[in-house]
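Asker: Quick paste of what TrEMBL says about this protein:
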- 2-153: domain 'PurE' (DOMAIN)
- Ser10, Asp13, Arg40: substrate binding site (BINDING)
Amino acid sequence: MTQVAVVMGSKSDWPIMKQTVELLTQLGITYEKHVISAHRMPDQLQNFGKQAQDKGLQVIIAGAGGAAHLPGMLAANTVIPVIGVPIQTRALNGLDSLLSIVQMPSGIPVATVAIGEAGAKNAAILAAQIVGLSSENVTSLLQKFRQQQTQASIESEADLV
Ligand code: RP5
């Protein structure tokens, strides 16, 4: 069964959301990816959210930019955790996306990560931490990822020339 769904509001979000799926792969997580626009595909959005739990999905990662309703509306249609990735925009640099995603009214949470690339990567790691609660393989790959990251930081000191 697929563990995580990566959903984006537009094909134009893919260069950022691609970084999410690359990290999910590294962390041993099975995923599916979809373009579902909150504004252009409202019926598809609702159907996807309502079917997510029955499909066995454990987490949805949703990336969107501008008036970014996708993560919040997915969260409104399911009880599985939704992680929102604010996509950087040309007009407002992604501050619009961030505020649209993070300022959910009480009752329907969206776990919101940083704007752009850092957020896309952290969304994958956070999803792995959730999936890892019931998967030893994912937890062990997460620990390996952390160790490699620590080692790279330690070794980076040698570059200070
Ligand atoms: C949002 O509108 C998408 O998530 C995207 O970030 C933004 C712009 O979409 P396009 O006009 O590039 O399709 O729904």
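Counting begins at 1 with the first residue displayed.
Note that Cβ sites are derived from N, Cα and C of the backbone, with glycine treated the same way.
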Asker: Less than 6 Å between Cβ and the nearest atom of ligand 1 is the rule; apply it to the binding-site residues Ser10, Asp13, Arg40.
Answerer: Ser10, Asp13
Asker: Report the largest Cα to Cα distance, in Å and rounded to a whole number, among the residues Ser10, Asp13, Arg40 that the record lists as binding substrate.
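Answerer: Farthest Cα pair among residues binding substrate: 15 Å.
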Asker: Measure the Cβ-based neighbour count of Arg40 (substrate binding site), defined as the other Cβ atoms within 10 Å of its Cβ.
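Answerer: Other Cβ atoms found within 10 Å: 11.
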Asker: By the DSSP assignment reduced to helix, strand and coil, which category contains Arg40 (substrate binding site)?
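Answerer: Arg40 (substrate binding site) sits in coil per DSSP, no helix or strand.
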Asker: Starting from the Cβ centroid of Ser10, Asp13, Arg40, which together make up the recorded substrate site, report each further residue of the same chain whose Cβ lies within 8 Å of that point, ordered by sequence.
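Answerer: Counting only non-site residues, the set is Met8, Gly9, Lys11, Ser12, Val35, Ser37, Ala64, Gly65.
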Asker: If you run the three-state DSSP split on Asp13 (substrate binding site), which class comes out?
Answerer: helix
Asker: Hey, of the binding-site residues listed (Ser10, Asp13), which one tops the CB count within 10 A?
Answerer: Asp13
Asker: Averaged over the whole of the domain 'PurE' (2-153), what is the pLDDT?
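Answerer: Averaged over the domain 'PurE' (2-153), per-residue pLDDT gives 98.
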